[in-house]
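After the C-alpha cells below, expect a handful of questions from me.
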Amino acid sequence: AALPSLLAWLAVLLLGRARPADACSCSPIHPQQAFCNADVVIRAKAVSAKEVDSGNDIYGNPIKRIQYEIKQIKMFKGPDQDIEFIYTAPSTAVCGRLLDTGGKKEYLIAGKSEGNGKMHITLCDLVSTWDSLSPTQKKSLNQRYQMGCECKISRCLSIPCFVSSSDECLWTDWAMEKNNVDGRQAKHYACIKRSDGSCAWYRGMAPPKQEFLDIEDP
C-alpha cells in the first residue's frame with residue numbers, strides 16, 4: 001500500500017518541477033498566404049499598451065489580454081472603419097505578439113477582425129516592421145497578393161519537389177536557403193492566378209502584364 005502512495009507523491013513532485021511546454025507552434029507561411037488568410041491587414045503604430053480582462057475561461061478564471069491602442073496609417077485589407085485597438089495574449093508562450101509602443105516604430109500587421117474597430121493577432125500572424133519589408137512586398141500589398149488568393153502556395157521541404165496541380169506555386173526558400181522563411185521568393189515574388197486558371201510566380205515592381213496573365217511563364 002505504501003508503494004502506490006510513494007509513486008503518487010513522486011509524480012506530484014515531478015509535475016511541480018516540470019517546465020511548461022511551449023503552447024504556441026507556428027508553421028512557416030509565405031507573406032502572401034498570411035495576407036490572404038487575414039481578415040485585416042494594416043500599416044500602423046502602437047501608441048500604448050495595457051493588460052485587460054477579456055471574459056472568463058471555463059473554470060471561471062479571468063482571461064488576460066494585452067490591448068494595444070494603435071494609430072492606423074493605411075488599411076490594405078479589412079472593414080470600412082479604422083482599427084483602433086489590437087488584442088493579443090499576454091505572453092509569447094501562449095501565442096501573444098509583443099509590439100513596441102510609443103508610436104515610433106511602424107508595423108505591417110495582419111490578423112483577425114473582432115469588429116467595432118478591433119482586431120486580434122497571435123505569434124503566428126504576419127507582423128513585421130515596415131522598414132524590413134522589400135519594395136516588392138510593399139507594392140504587392142495593394143493588389144498583387146489579392147490576385148493570387150485563390151492559388152495554393154506549398155512549402156517545399158527538400159529538393160526535388162513538384163506541384164500537384166496547376167493552381168499551385170512551390171515555395172522553395174525553405175529548401176534552397178537553409179530553412180529561411182524570409183528568402184528570395186518571400187521578399188520578391190507573388191503567386192498570381194492567370195486567365196486560364198493556372199497559377200505561377202510573378203516577380204517585379206510593376207503590375208503583372210496582361211500577356212503574363214494570358215500566356216507567359218514567370
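Glycine residues also receive a Cβ, built from the backbone N, Cα and C atoms like all the rest.
Just so you know, TrEMBL annotations never went through curation; they're auto-generated.
Below, the features straight out of TrEMBL:
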BINDING   C24  Zn(2+) binding site
DISULFID  C24-C95  disulfide bond
DISULFID  C26-C124  disulfide bond
DISULFID  C36-C149  disulfide bond
DISULFID  C151-C199  disulfide bond
DISULFID  C156-C161  disulfide bond
DISULFID  C169-C191  disulfide bond
DOMAIN    24-149  domain 'NTR'
SIGNAL    1-23  signal peptide
SITE      N37  site 'Involved in metalloproteinase-binding'
SITE      K64  site 'Involved in metalloproteinase-binding'
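Give me the local environment of each listed feature.
Counting only residues at least six positions away in the same chain, the Cβ atoms of T92, A93, V94, C95, T122, L123, C124 sit under 8 Å from the Cβ of C24 (Zn(2+) binding site).
There are 18 other Cβ atoms within 10 Å of the Cβ belonging to C95 (disulfide bond).
There are 20 other CB atoms within 10 A of the CB of C36 (disulfide bond), with all protein chains counted.
Less than 8 angstroms from the CB of C161 (disulfide bond) sit S154, L170, T172, A175, each of them six or more residues away in the same chain.
Sequence-distant neighbours of C169 (disulfide bond) (same chain, 6+ apart, CB under 8 A from its CB) are G148, C151, K152, I153, S154, V163, C191, C199, A200, W201.
Counting every protein chain shown, the number of other Cβ atoms lying within 10 Å of the Cβ of N37 (site 'Involved in metalloproteinase-binding') is 16.
Proximity of K64 (site 'Involved in metalloproteinase-binding') to non-local residues of its own chain (separation of 6 or more, Cβ distance below 8 Å) is seen for E51, V52, D53, S54, P90, given in sequence order.
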At a 10 Å cut-off from the C-beta of C191 (disulfide bond), count the other C-beta atoms across all protein chains.
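The Cβ of C191 (disulfide bond) has 29 Cβ neighbours within 10 Å.
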Just to be sure I understand the packing, how many Cβ atoms besides its own are within 10 Å of the Cβ of C151 (disulfide bond)?
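24, counting other Cβ atoms within 10 Å of C151 (disulfide bond).
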Based on Cβ atoms within 10 Å, give me the single least packed residue among the disulfide-bonded residues C26, C124, C149, C156, C199.
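Candidates: the disulfide-bonded residues C26, C124, C149, C156, C199. Fewest Cβ atoms within 10 Å: C26.
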